[in-house]
Amino acid sequence: MSGLSVGLAQCCINVYISEQAPTFCRGALMSLVQLFYAIGSFLTSVSLNIVMQQPASSWRNAVLSQFAICGVAIIAWWFIPESARWHCVHGREAKAKDILRKMNGKVPGYNVDIEYKRMEVEVEHMRTTSSMRSGGSYIDVFKGTNFVSLLCLHSRGPKLTPTTQRRLVVSFLPWHWQVAIGVPIMGTYSSYFFDMAGLKNPFLGTLATNIVGLAMLIVAVPLVERLGRRTMLLSFAPVCICSLLIIGGVLRTSGPAVGPVLITFSCIWQIGISLSAGPMGYIYVAETSTTTLRAKTTGVAIFFIQGMATVYVYIAPIMLNAPALGMSNTVFFWVGTGTLVYILVFLLVPETKGRSFAELDELFDRKIPAWKFAKTRTSVQDGMTSTTREVEDA
């Protein structure tokens, strides 16, 4: 049941935020998901450390403490409105505008008519290609611009080139990069990793990296909309790869300096992922699919992400304990996977900062290369400019 609830949360929360948030702060709000997950992970590690120092029967206290958070969530559900975009899709203008007023009415300069008109433009754009009321099928997730087969040799469609990036893979890659760039050893099994590396108190190592991660995730929230998603991914993820290279090299040596160096570069690794793949994974998974297939694409992408994460998490302790590999070579393995995904991200993952969903639809349909998304002007922008003037003049 716990796993089911986590899976539902991962699939629904990002979709809801992406549909409810204004375009100018959509990424920042979605990055908060990773921040709150990190807070939960931090509290969990502290709770487990406390429980381990108490009698075995005290484990229930850590479990029971979760009910307080569940109680707050149940109360919050009563105040969460339906997505205004969902009402717009179904032609319920009055309800959509009412929600928009409640959510954004007190923002200086906010115009509910312009915001609703923007939604209408996006919905109308999608109605030219598919039936909005049907919501699309799961098969449609794998068709057209929404998917590119990784087995291009067996596909009759376009091959995987920089100009044919597709939306399911783009939704998948940044979040998958989290596990491909070392989360299983630096996050999931961090205490175990530090213990094997010879640290006297592995918990302190985990605590230090978690605190650094939380601080950097707070910094990442405003930077997402200032620097951009792709810019942060490509700029800060190499910090993780370089940190893993140094950690892998240090683990081939011995001496009193190994522990401090390991902790230092583990914290630097945490800085890198907290400013790149950490928050960006949650943003891209719900931001790059079509309006029709957003919920389904998010669900399918997370299914693949968690499937791959299960494999990585399963093999991590096996590799760390394998005599033929050891800790150093295991770290180098994640250097390789992280570098491989970096290349794919550079070729396929576009900049989505400040783009409405209608603009993203057009850019994907036009097969604009990922590195040209940010500077390409769309017909939607031109149309919205004239529409805004009409609304203001009315």
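Cβ from N, Cα, C; glycine included.
From a predicted model like this one, the values you see are computed outputs, not experimental measurements.
Here TrEMBL flags 1-353 as domain 'Major facilitator superfamily (MFS) profile'. Per-residue pLDDT, averaged across the domain 'Major facilitator superfamily (MFS) profile' (1-353), gives 82.
Same-chain residues lying 6+ beyond the ends of the transmembrane segment (28-51) with a Cβ under 8 Å from its Cβ atoms: 13-14, 17-18, 21, 58-59, 61-62, 65, 187, 191, 203, 206-207, 210-211, 213-214, 217-218, 220-222, 224-225, 274, 278-283, 286-287. Per TrEMBL, the feature transmembrane segment maps to 28-51 (among others).
Annotated transmembrane segment per TrEMBL: 63-80 (among others), in sequence order.
Look at TrEMBL and you will find 203-224 (among others) tagged as transmembrane segment. Residues 27-28, 31-32, 34-35, 38-39, 41-42, 45-46, 49, 186, 190-191, 194, 232, 262-263, 266-267, 269-271, 273-275, 278-280, 283, 353 of the same chain lie 6 or more positions beyond the ends of the transmembrane segment (203-224) yet place their CB under 8 Å from a CB of it.
Positions annotated as transmembrane segment by TrEMBL: 231-251 (among others).
Annotated transmembrane segment per TrEMBL: 257-285 (among others), in sequence order.
The transmembrane segment feature in TrEMBL is assigned to 297-319 (among others).
Long-range contacts of the transmembrane segment (331-349) within the same chain: residues 162, 165, 169-170, 173-174, 176-177, 180-182, 184-185, 229-230, 233-234, 237-238, 240-241, 244-245, 247-248, 251, 284, 319, 325, 370-371, each at least 6 residues beyond the stretch ends and with a Cβ under 8 Å from a Cβ of the stretch. What TrEMBL records for 331-349 (among others) is transmembrane segment.
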